[in-house]
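As structure tokens, the structure follows; a few thoughts come after it.
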Amino acid sequence: MLNGFIEIKINMLTWNIILFLISLYILVKASQSVVKYILAIADFLNISDYVAALLIMSLATTLPEFVVGINSAIGGFSNLSLGNLFGANIANISLVLGLSAFLSGNIKTVGRAPKYHIWPALLTSISPIILLLDGSLTRNDGLILISIFFIYCFFLIFGRSFIKKEHDILSKIRSSKEKTTHHYLFLNKNIGGFIISVFLLLLSAYVLTLNASSIALSLNISEILIGIFVIAIGTTLPELSISLRSAFSKHPGLSIGNLVGASVFNSTLILGVVALINPIAIIGNDFKSFIIASIFMVLCIIVANIFLTTGRKIGRFEGLMLMFIYVLFIFSNIIL
């Protein structure tokens, strides 16, 4: 009887490992495809990699947070969504950006993006902290956050003159022929490929996280450690895989745009919709957690902005510093 139980457990562990490896392979391939298709779409629309990643790619990679947020709000657990969105922002700006810079060796910013887009975008991410200082996020606050999101998008889209100047070379290389039916078929093909690739990316990230949790439980690893390392990293896998692929393929604009855009979407549009569905009230221990998360989110934003707008790059040393901030964030939540 005991031998049979052990055999079943080993077989389950084996299947978990196999599914983990398969989903990891699909995740890597899907991230390659997402980068390829977003570059083609950006080139066709005559916009920079950074703007394409910020407006299109980040919307796709934040879909899990959007779904979790709406479900939590409908179920009356808006605070859960608030914690998830704040945690995702901190992980993206510190862990994901830091790890991408450390492994790739260098993430550089080009053109005028740092001056005209990165500062406003990341400062926009702080807006919910200001609105939550009274301990609540009302429906009116939700409308304010959604308005901030659309104002930022308006600023970004109608500020394209700054972006075009960065890509005069691409404009010269691009054929002067009018976009015929063939060109639009080309665009539709790339949009379709992008959607399929994003679906595979999100699905493989989910399966990867699920099986990693099962493997950890089979090896008697504590639930706290699973939550801190497996689930936390799992929720940022889409952004992480995209950022790594972008950094290694020498398209830093995609990496930075995706992470900056994800922070904007999480802090304004998604959180605003959550507050409209079910207003948020922070009381007791939740307020302490909110203060800790707010401090680290502001710290991440300031440090990342300094790196990106002064030296205009994040190297291995800067990447280590950002990852260290994330480690401090984890320990602060455990100890305090």
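One is the number of the first residue shown, and numbering goes on along the chain from there.
Cβ atoms here come from the backbone N, Cα and C positions, even for glycine.
Unlike curated records, TrEMBL annotations are generated automatically.
Going by TrEMBL, these are the annotated features:
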type     : residues : note
DOMAIN   : 16-158   : domain 'Sodium/calcium exchanger membrane region'
DOMAIN   : 190-332  : domain 'Sodium/calcium exchanger membrane region'
TRANSMEM : 12-30    : transmembrane segment
TRANSMEM : 80-104   : transmembrane segment
TRANSMEM : 143-163  : transmembrane segment
TRANSMEM : 184-209  : transmembrane segment
TRANSMEM : 215-238  : transmembrane segment
TRANSMEM : 259-283  : transmembrane segment
TRANSMEM : 289-308  : transmembrane segment
TRANSMEM : 317-335  : transmembrane segment
Do the transmembrane segment (259-283) and the transmembrane segment (317-335) share at least 3 Cβ pairs under 8 Å, sequence separation 6 or more?
no
Three-state composition of the domain 'Sodium/calcium exchanger membrane region' (16-158), taking helix and strand from DSSP:
121 helix, 5 strand, 17 coil
Composition by DSSP (helix, strand, coil) of residues within the domain 'Sodium/calcium exchanger membrane region' (190-332):
124 helix, 5 strand, 14 coil
